[in-house]
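Listed in TrEMBL:
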- A:Arg48, A:Arg54: NADP(+) binding site (BINDING)
- A:Arg125, A:Ser126, A:Ser127, A:Asn238, A:Ala239, A:Gly278, A:Lys293, A:Pro294, A:Thr295, A:Ser296, A:Ser297, A:Arg319: FMN binding site (BINDING)
Number of protein chains: 4
Amino acid sequence: MPGSTLGELFCVTNFGESHGPAVGCVIDGCPPGMALAEADIQVELDRRRPGTSRHVTQRQEPDQVEILSGVYEGKTTGTPIALLIRNQDARSKDYSNIAETFRPGHADYTYWHKFGIRDPRGGGRSSARLTAPTVAAGAVAKKWLAERYGVRVRGYMSQLGDIQIPFEDWDAVHTNPFYAAGNSRVAELEAYMDQLRRDGDSVGARIEVVAENVPVGLGEPVYGRLDADIAYAMMGLNAVKAVEIGAGFHSVEQRGTEHGDELAPEGFLSNNAGGILGGISTGQPITVSLGIKPTSSIRSPRRSIDKLGAPTVVETHGRHDPCVGIRATPIAEALLALVLADHALRHRAQCADVSVETPRLGLARG
Amino acid sequence: MPGSTLGELFCVTNFGESHGPAVGCVIDGCPPGMALAEADIQVELDRRRPGTSRHVTQRQEPDQVEILSGVYEGKTTGTPIALLIRNQDARSKDYSNIAETFRPGHADYTYWHKFGIRDPRGGGRSSARLTAPTVAAGAVAKKWLAERYGVRVRGYMSQLGDIQIPFEDWDAVHTNPFYAAGNSRVAELEAYMDQLRRDGDSVGARIEVVAENVPVGLGEPVYGRLDADIAYAMMGLNAVKAVEIGAGFHSVEQRGTEHGDELAPEGFLSNNAGGILGGISTGQPITVSLGIKPTSSIRSPRRSIDKLGAPTVVETHGRHDPCVGIRATPIAEALLALVLADHALRHRAQCADVSVETPRLGLARG
Amino acid sequence: MPGSTLGELFCVTNFGESHGPAVGCVIDGCPPGMALAEADIQVELDRRRPGTSRHVTQRQEPDQVEILSGVYEGKTTGTPIALLIRNQDARSKDYSNIAETFRPGHADYTYWHKFGIRDPRGGGRSSARLTAPTVAAGAVAKKWLAERYGVRVRGYMSQLGDIQIPFEDWDAVHTNPFYAAGNSRVAELEAYMDQLRRDGDSVGARIEVVAENVPVGLGEPVYGRLDADIAYAMMGLNAVKAVEIGAGFHSVEQRGTEHGDELAPEGFLSNNAGGILGGISTGQPITVSLGIKPTSSIRSPRRSIDKLGAPTVVETHGRHDPCVGIRATPIAEALLALVLADHALRHRAQCADVSVETPRLGLARG
Amino acid sequence: MPGSTLGELFCVTNFGESHGPAVGCVIDGCPPGMALAEADIQVELDRRRPGTSRHVTQRQEPDQVEILSGVYEGKTTGTPIALLIRNQDARSKDYSNIAETFRPGHADYTYWHKFGIRDPRGGGRSSARLTAPTVAAGAVAKKWLAERYGVRVRGYMSQLGDIQIPFEDWDAVHTNPFYAAGNSRVAELEAYMDQLRRDGDSVGARIEVVAENVPVGLGEPVYGRLDADIAYAMMGLNAVKAVEIGAGFHSVEQRGTEHGDELAPEGFLSNNAGGILGGISTGQPITVSLGIKPTSSIRSPRRSIDKLGAPTVVETHGRHDPCVGIRATPIAEALLALVLADHALRHRAQCADVSVETPRLGLARG
């Protein structure tokens, strides 16, 4: 596949550009018979939507989704579900300046060399706007996983720049503009972001995503592993530069006696594995951590070259997220849900007839 | 695909079990007309081979590769290259104990639940032995990349447990059993490993991999990104729990003015991107860092359950690497080469006719 | 892939239902830099469009295509090209009768058993309406093949029921409603169709498709053969029950001395191969022949069962093509173009560096 | 995928050349827990094996299969099953003459132009020898389909040159060297073949394949149809030039009132559909018919060119089947089994939870 499709059986083909007529996707492989309405998808799109606080891009997009196919009388039919989101606040400003130079840290340079042509309007296809269809598709995957297996996928921001944001409470995530799982640092985060905007600069962030009640057995032994596909999906999210599962880089300093999660009849006694062993889900929570780089489109002047190689200075004005990490939480959740739905289908294709007497363990509590 | 194939156009299908008759792979898509002999592959297999120092598993396997197809009169024909490696030191010991319980941190539990059957001999398909075919295939990819584009892929160990191993010199990598890029810490590493074996324990490691002279333009904008595929390949390597590209998690604390690599006529002025922007290669070195967990098969007793869910204690004897990270360097190199070869073919399929006047930049030196 | 995508590198993902909001597709992998406008696509859609003569369905659909992405300033950008065609003449009639029974020869029965739910409105996804996106995508493939390689793909109807329609002249194809390559039988065809409608019956047809100036070397040796992919695409067209390449079933009675196309310096001396040897294009014209069954939706009463298995009689009223073969010619052309474009990209991925001194032969004329 | 893999979930990757060290395949996706031994595969390989009568090639190959992986204690483990067949009767004759010219009707010319290199020994990868791994993999698919669903796949030769061979009795197929389903014409066939060999010529054949007890619901609506995949597999078999399903080309002359198979509570009343409607299996027998061209390697002199384009005359000596159709029956059966196994897995991935009250119909008898 040329590269715009995620998944093998529950699969999503993404299309669109930031300032073209529309963005959207086609979901192929969603099982039939599931209740699905635009409202089920809209709720997730609204979480990702721009313009919802002063800390994110001020572009005004309702991100209204239209289901074009695959649903009949409110239920999925097992045929492709096409989702359409029209771009509305696409400004007709002059992009000729951006089109002639390459923003440091931006895809301008690579698109130009790869394709010999690029749509400079709002970053074209490299824009984070293309995560809207991912979130829409993820909403469908989340719903199916929840109804079929009771899976719950949630995320939060754990770090903004050098500010650590401790996990306090899942319920807090929806009560602040940062997806912080606790409000103790929110004032500090707000002040930090306000200063950042005044500086014309941007900053990175760290996001945690967790999937609970995942069936045991998802993933393949060699190459097609669940952890591999999670890393693929997450590293493919705009601006992500690092991915950890379970203990992640902390594993480097661990001893085997410390890292390997012991088992007892009541469950696994720890979760350094992050819910995946040998590339296959264990039934414990799957825990993923992402490192996101600072936005490359900033007001501060930076050295660059133009299309003929001559030196120039670039300052990017316009509407940009000063921390792309802020809106990344619902996207990372969507990606995790899509990978899990895909592997759930792959697993039952091959192993639908398997049954063992061994009890399935979760993570032991307490 | 069920999960044993890596790549879309330069692709490798892996087969085998640790103590079955053989391991091997089929490489499909290698361009025709390249000189290829078994010796080209053997040299990389010998780097990964067990039994080469006292710090790795003492299993004695010559890992002799046989080319079964795809080569005629010393040149690749463009048809599938099948590679066969017979297992020779597969001990006929009694695995019934291992077969009835689940080692903490090991894939025993997940394979059992997924498939309802598992080959317990040496870990079956979950064994690191299955990286031998990956290394063999990677040798072919490395050769093609080197001859066609001048790409060079190299790696080294940068941390063992809590011992940081600074980069000093590429030439040192082949002079010590740890793939350390410098010998200043080798005595310390040897002592550390000797103590670890005495303790019946294991430890994690960090590996760096670098690809130089990569063409600009490899990778796709959304989903099929080069960084995504690298993360996929690396996280799919046994025991890997974390992957970084470029500045990785360090990006979280960076400002945009610090992270975005400026461009000048003589090249990029830094490489926080790790050679990839917007999912597409920039032509700078691609830099990847892996976090590897400690081996799960250790002598120390650990709590577990048996196949019926009853509590038990597991001690694993036999021949195991006390640090799987030690032999991971050539494997990580092979994976990076395979991903690059695949994307090189994908790129030229779509973009063979593209040409731009803009000069291609490397990383500015000095 | 779940089944709605055609092609591996020049690939098309199809969505929609006959009476849903829209049909459409996403083309991923089209090379960048090609001029493309909606008019380029519309011209092919207009050839397939319903309601253009009294011999086809009277549904009135303008089949107006909108390009949603992948084109910037009139040129393809190398990113996915999404095409949208709104359904306009979707009647709000009562489908509850159709929904409860299964038309003989129709997909009603199989969709119901497969999915447990089906959209009965106009056949839902089983409708020939879903060939509109195929034709739209094929228009893009045709344009690229023509501009890049000079390939020309054309077709005509060679048989309607038991009326043979001899090939006389390519130019005649556009001058009659049957895609007959000659007008000598058109009056007979008109009379035949008029009687058929009066009978409330339907009939089959045979279509020929030819691609000229195809580069030599497209296709893979085993499994991924060009002839295999052509057969796949053609047999996947609604109502097709038979596919031939070159001499087709006539080969059964041929001797080797008769069938094998001899070569001379001026070209191949015949074309029993239909332009493909060993699964790979020879450079001669690729010739394909399709057998299409009669439409299953007819006015005549037929025995069937209802959803609970009880016997019933079905008569299908509404707007249907009495010979689906009549509109099949532009669709078959589109499919052949899509397969060729896909293999052209696949070929250059692996074999871009191949060159031989041997002259490339066409079909010798005279 | 580069082209040597068949199937998406039950998938087979083929490797080897006619006179290289070995041919073989890797089956990935076979469900775990099925009893499997080499003897299960050998029985099918022996049906296809050369040298079994005077009417086929006299090459002596035991075609002994070795299972290299994926089976533990006599049961499939769900991991890749690699099958190896060593070439033994690969003659060390001089191929330099064949290497310099192109046999009419043979893949010599296309391989040369595609790859710029070709293995001329016995046709290299274009040899029908590469169907041995297909037959081996098909044996595994057949066994799984039979045990899991009771599917039975059988075939026979229905025409040799201009001799029609009427179906009389399935049991006769194994009692004559032609796979004729009846012995009334066997003497005539023997005489025909003896004369053909004396003439130094070859001839085509027609093969029928039938799958019974196929579950209803296999196949996807658009593009990924079951009939499309069957056509793909069959047209990809060496020398096949035509494929029909059900009434095939006969459908062209049928009226809708004649073609559409009526349904009654006791079953479908006919099977013009050949067991597939709308691309999805109906539960009736799947019936496929293949047209196979005459062998291109014949003793009679034929006009051709050499590698520099100069005219020459080619006579092919050596061991060749004078009718490749004779050994095609077990191969076509294998291909049909592989396609059905693949679609069975694909179907249950998406539709495992579907259930309807409607009774499933077979073909009504008598």
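Cβ coordinates come from backbone N, Cα and C, glycine included.
Overlay of TrEMBL feature records on the structure.
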residue	record	Cβ contacts under 8 Å, 6 or more apart
A:Arg48	NADP(+) binding site	A:Asp63, A:Thr131, A:Ala132, A:Val135, A:Arg327, A:Pro330, A:Ile331
A:Arg54	NADP(+) binding site	A:Met193, A:Asp194
A:Arg125	FMN binding site	A:Gly16, A:Glu17, A:Ser18, A:Tyr111, A:Asp119
A:Ser127	FMN binding site	A:Glu17, A:Ser18, A:Asn238
A:Ala239	FMN binding site	A:Ala128, A:Ile292, A:Lys293, A:Pro294, A:Thr295, A:Val324, A:Gly325, A:Ala328
A:Ser297	FMN binding site	A:Arg103, A:His106, A:Gly123, A:Ser202, A:Thr316, A:Gly318, A:His320
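Counting every protein chain shown, 30 other Cβ atoms lie within 10 Å of the Cβ of A:Lys293 (FMN binding site). Filtering of the binding-site residues A:Arg54, A:Arg125, A:Ser127 by Cβ separation from chain B (threshold: under 8 Å) yields A:Arg125, ordered along the sequence. Cβ-based neighbour count (10 Å, all protein chains) for A:Thr295 (FMN binding site) stands at 26. Under the DSSP three-state reduction, A:Arg48 (NADP(+) binding site) is assigned to helix.
Residue annotation for FMN gives A:Arg125, A:Ser126, A:Ser127, A:Asn238, A:Ala239, A:Gly278, A:Lys293, A:Pro294, A:Thr295, A:Ser296, A:Ser297, A:Arg319. The furthest Cα pair among them is separated by 44 Å.
A:Ser127 (FMN binding site) carries neither a helix nor a strand DSSP state and counts as coil.
In sequence order, the binding-site residues near chain C (CB to CB under 8 A) are A:Arg125, out of A:Arg48, A:Arg125, A:Ala239.
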